[in-house]
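The transmembrane segment annotation in TrEMBL covers B:24-41, B:68-89, B:96-115, B:121-143, B:150-170, B:176-199, B:206-231, B:251-280, B:311-330, B:336-357, B:364-384, B:390-408.
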Amino acid sequence: MRLELSGITKAFGALVANDHIDLTVEPGEIHCLLGENGAGKSTLMNILYGLLRADSGEIRLDGVAQHFTGPGDAMRAGIGMVHQHFMLIPVFTVAENLMLGHEQTKAGFLDLPAARARVQEISARFGFDLDPDALVEDLPVGVQQRVEIVKALSRDAKVLVFDEPTAVLTPQETDELIAIMRQLRDAGTAIVFITHKLREVREVADRITVVRLGKVVGEAEPTASNAELASLMVGRSVELTVQRAPSTGGDVGLQVAGLSVLDAAGQIVVDDVDFVVRRGEILAIAGVQGNGQTELTEALLGLQDDVRGTITLDGRDITGASVRQVLDAGVGFVPEDRQEDALVAEFSIAENLMLDRSDGAPFVKGGAVQRRDLESFATATVKEFDVRAQGIDTHVGRLSGGNQQKVVLARELSRDLRLFVAAQPTRGLDVGSIEFVHERIVATRDEGVPVIVISTELDEVAALADRIAVMYRGRIVGIVPGDTSRDVLGLMMAGELPDDVRTAA
Amino acid sequence: MTATTTEPAATATTTKGVSYKTPIALGAFALLAILLFVVFGRDGVSTFSFAQSGTVALPDVRFPVRGTGVVVAVIAVLLAVVAAALVRLRGASSRWLVVVFALALVVGFLAWATAGQRLPIIGLLTGSLALAAPLIFGALGGVVSERVGVVNIAIEGQLLAGAFVSAVLASVTKNLFVGLVGAVIAGTLVSFVLAALSIKYVVNQVIVGVVLNVLVLGLTTFLYQSVLIPATDTLNQPPTFSNLPIPGLSLIPVLGPLLFDQSIVTYLMIIAVFVVWIGLTRTRWGLRLRAVGEHPQAADTVGINVARTRFWNVALAGAIVGLGGAYFTLGSVGAFSQNITSGAGYIALAAVIFGRWDPLRASAAGLLFGFASQVANILGIVGSPVPSDILLTLPYVVTIVAVAGLVGRVRGPAAAGRPYVKG
């Protein structure tokens, strides 16, 4: 089925999320929609899927104009969607999820055998092995995504939208997904693939449309280089790789030995982890989201209650120390959830900059905030870190993601650090801000601070790491040099350590 | 393309120790049993009477109180020890063990409390069912509403509205079925307010529920005092449903009078329990309802209208609870009185949680609470060493112990109480 979007416009208040977007997707084609976070890709697809109504513009399928009032209409017309956040009911079985919304019944009762058969039939067609009676919440994310795909196919989708499908996958799972997408394309399905990852685009796309700030800014061939695509996406030329000298490798700064963390339910989430970080070195901790990285960083900061093993910073044991003591020991921390853990949205930039130093000099004396000191500090820091805002009194909640992250970095890096921990430092940021954040992290390393970067993005790991530790189910699978290939890292992220791999523990 | 990664994700994690909560709780109750039945043991014989007119009577069962007390206390201690051993060996105690423990303790307590008296077992059981009926209706309504994602604190208000309207309509028309329909409509109307405010206007569901309860209580109290009392003969003297014994089945000892010699409202209740249960698990209605209560956005993306599903199922919940309200007036008392429900709606709410949002378990919880109330009533009548005011707290003590002690952390519908806003 041929899909045409013409002149789609959608505004949320003053923000124009989609500005006269035109897009044509032919059957048997994988059409990539490339753009940064916030460029309007998801809004466009939600309009296509009937979740949002466009202010103006038209959707045509095989030349016939469509008027969707809800996802039900879109599905009936042959549009399927694999959502970024899976739209599956966790406590339902695979078969129940498949049938939901278009249930077959027998004498008034659900026809589960028919749904099971449908799951098996479709998954056999693509060589999956899905158990129709498995509860979705018990399945790994990669398999859940297949359930989403099977669900869309069971509605005979002729146009299939994949919304950032690789964000939750290991590289191997990504490769498998790409193979599935090709198989679907060869069967005549029109595929829209939304992403901001250049590598995947070039690998799988037949055509590429780039959107920026709600507008289509151009089409590109899959043969285009990463730099060309990135500059289209950002609107200026960008450095994709950070310039950095090899690590000098100083003394041991942080030493972690036999560290285990148990969560509130008594489950082991970090399992007997050992590593060291030297001064002037970046240790990247890679792995698929949810393999214990979050808990590991929280344990370093003193945010976890049930921690075994030892954490030694500059020869001092900081295991079990309070967050205050850890911060005073010189640890800087960028949490993975900016809005939730790093900033108070309703506070001004200046107030956020002093959040971790609210208990004494230089900003508080005798219980009173030293406004003048704070203002001069904030003004200087905002300038140094290039935070784009009207002034230091602007509420942080009103800044863009990139500028919010700069505020966090500014706060953490403006102290004398003995250790810097950055969790997902560029998640959700535009390419320009990523560039800036990476430069600052490398600069911190070059000052001789031990740095830990936790990232699920292999591009980021490759760009920054001197050494890479890969986590899987709470354990460190192995610690390898920074130039280790993606394939090896991918295997490690799935828990396997190839025999011939060089380790760098 | 392989599927080598499909092993369950939880295999690498291990659990830290096991819970000794059950054996500890059983141990505490065993100590209580020793204290009550042995230390403060009573003499005499307690007679459990199964006498029942019209059916084949079973012989009385006679318990020598002191001996029974000692036996029950010993059983309790043994079971507590077994539970501890089970936890140590298998990591978990057995649910059947808890049931046997509870039964033994109940028998022991009843024997102790009625030393030298006769305890009418049939009356105890039928009375329990009668007291449980509104709770079960309420709990079913609660289950339906919460499973679709709307917290229904307003059960009390729906019961009270149903009780009031059914009494008035049945009195005026002298027709019980008009009263029943009126109760359904009254419960539905209360639900409409809850649904409209919480779904359309996204008001906090708990607050709306509490406010509705207070509103209905105030409204019915005012109307009762200013309208019903002056005209009791015409407005507040409804007929009551008489029992419809099912030929043959009603003659079965114990079960006959309990299940097959009841009024039409009770039969409706039994039917409703099974209809809701099968409906929730086996039908399209139930699947969609549960989907909306668990993950409304996912339901939306497969073309289910979340707001509409929620609205009509909350209305349905009100209709079911309304029937429970009619039970107060048309099913038993035969007149409306001020605050006739006296908190039954909140107990029903506890039954929903104790029953883990499952219609069968919630109904069983309703039965348990009904039983506790009836024990308090009967012991008050036959006379027991426990002061009656303390006995009257029994249903509420059972509720607290049940919900706080036995349920622990349970997982309700994931989206219950959370309004769904598109976008």
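Along the chain as shown, the residues are counted starting at 1.
Cβ coordinates come from backbone N, Cα and C, glycine included.
What TrEMBL says about a protein is an automatic prediction, not a curated fact.
Using the rule of three or more Cβ pairs under 8 Å, pairs at least 6 apart in sequence, the transmembrane segment (B:364-384) is in contact with the transmembrane segment (B:121-143). Counted over residue pairs 6 or more apart, the CB atoms of the transmembrane segment (B:150-170) and the transmembrane segment (B:96-115) come under 8 Å in fewer than three pairs, which marks the two as apart. Within the same chain, residues 65-66, 68-70, 72-73, 76-77, 79-80, 83-84, 98, 101, 105, 108-109, 112, 405-406 sit at least 6 positions outside the transmembrane segment (B:24-41) and bring their C-beta atoms closer than 8 Å to a C-beta of that stretch. When Cβ distances are compared across the two stretches, the transmembrane segment (B:251-280) makes contact with the transmembrane segment (B:121-143), since 3 or more pairs at least 6 residues apart fall below 8 angstroms.
Long-range contacts of the transmembrane segment (B:121-143) within the same chain, counting only residues at least 6 positions beyond its ends with a Cβ under 8 Å from a Cβ of the stretch, are 48-52, 152, 155, 158-159, 187, 254, 257-258, 262, 265-266, 269, 272-273, 276, 280, 317-321, 323-325, 327-328, 331-332, 341, 344-345, 347-349, 351-352, 355, 357-359, 362-363, 365-367, 369-371, 373-375, 377-378. Across the candidate stretches B:96-115, B:311-330, B:336-357, the maximum count of CB pairs under 8 A to the transmembrane segment (B:176-199) is reached by B:311-330.
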